[in-house]
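Read the structure below first, then the notes.
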Amino acid sequence: MAKKKIAISCGDIQGVGLELILKSHKEVNAFCEPLYLIDGELLERANQLLHNAYETKTLNALAIHSPLPLLNSSTIGKISAQSGAYSFESFKKACELADSEEVDGICTLPINKLAWQQAQIPFVGHTDFLKQRYKEHQIIMMLGCSKLFVGLFSDHVPLSAVSQLIQVEALVKFLLAFQKSTQAKIVQVCGFNPHAGEEGLFGKEDEKILKAIQKSNQTLGFECFLGPLPADSAFAPNKRKITPFYVSMSHDVGLAPLKALYFDESINVSLNAPILRVSTDHGTAFDIAYQNKANNKSYLNAIKYLA
């Protein structure tokens, strides 16, 4: 059986992305046919910064039509508009290749959101771009590993804005799309307020969540969604035995327990998209860039998910 062709966007080159590419290539090449969306010259510079620890000649790299950012000992670990623009163009090229079915899926390495902002990229990050590119699809950010997956009803929005987003019909649409994409038989839904609202004592959002759960289960014809569960106990061991699938109303409520338990191995999956896209579940790690300290478990798991 032929190996799948995977486009790998480079992420912010001032972070750990290029180290992950170089140190993981042999393992990645065993799972798939990787196409690295980065100029070969930058891979060579990265290897020099890593004391020429890796072999670069066999890597299949595709040049990006964007000015090459500086990459040297004085730029690493620093936010740069040039690096932001380059990482965006690498990601956009990956999407174009997936749209034209020249690759089977894409794996995105971490970007710096402030670098995108400085480069005047009009998107908060990868998922925001996908939501705009594929507007007819409800793109869902799900993070996790085989032991625990968390779907985010809201992702990169201020916590103060989440309450207004929690509306019954919007949540029903989200829940049904999440179930369709994951084929989960049971999904536990975290509440929004302390004690899941305590029957309206601590806010009305959880009453909306309950109505959305009831309507979604009725549509499906079985009791798929459980909750809303008090979020402070939703991830207790006895709860995680029920199902690995969860939904959180906000970013940190769902991801804090996930990363406490499975930070190194978790991945980021864009559900319900017309293309297959996964990412590492960590940032650029500027503080350890080009020190040969980057853990590649999340990256390898992302590749395995696609392959």
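Using N, Cα and C of the backbone, Cβ positions are placed for all residues, glycine too.
Among the features that Swiss-Prot reports, substrate binding site is placed at H126, T127, K259, N268, R277, with the record citing sequence analysis. Counting only same-chain residues six or more apart in sequence, the Cβ atoms lying under 8 angstroms from the Cβ of T127 (substrate binding site) belong to I139, M141, D155, H156, S270.
H251 (divalent metal cation binding site) carries a helical DSSP state (H, G or I). Around H251 (divalent metal cation binding site), a 10 Å sphere centred on its CB holds 20 further CB atoms from the protein chains shown. Feature annotation from Swiss-Prot assigns divalent metal cation binding site to H156, H195, H251; the stated evidence is sequence analysis.
Taking only the Cα positions, the spacing between H126 (substrate binding site) and H195 (divalent metal cation binding site) is 33 angstrom. For the pair formed by H195 (divalent metal cation binding site) and K259 (substrate binding site), distance between Cα atoms is given as 22 Å, rounded to the nearest Å.
DSSP classifies N268 (substrate binding site) as strand under the three-state reduction. If you measure from the Cα atom of H251 (divalent metal cation binding site) to that of K259 (substrate binding site), you get 12 Å.
DSSP assigns T127 (substrate binding site) to a helix in the three-state reduction.
The Cβ of N268 (substrate binding site) lies under 8 Å from the Cβ of M141, M142, L143, V278, S279, T280, D281, A302, each of these being in the same chain and 6 or more residues away along the sequence.
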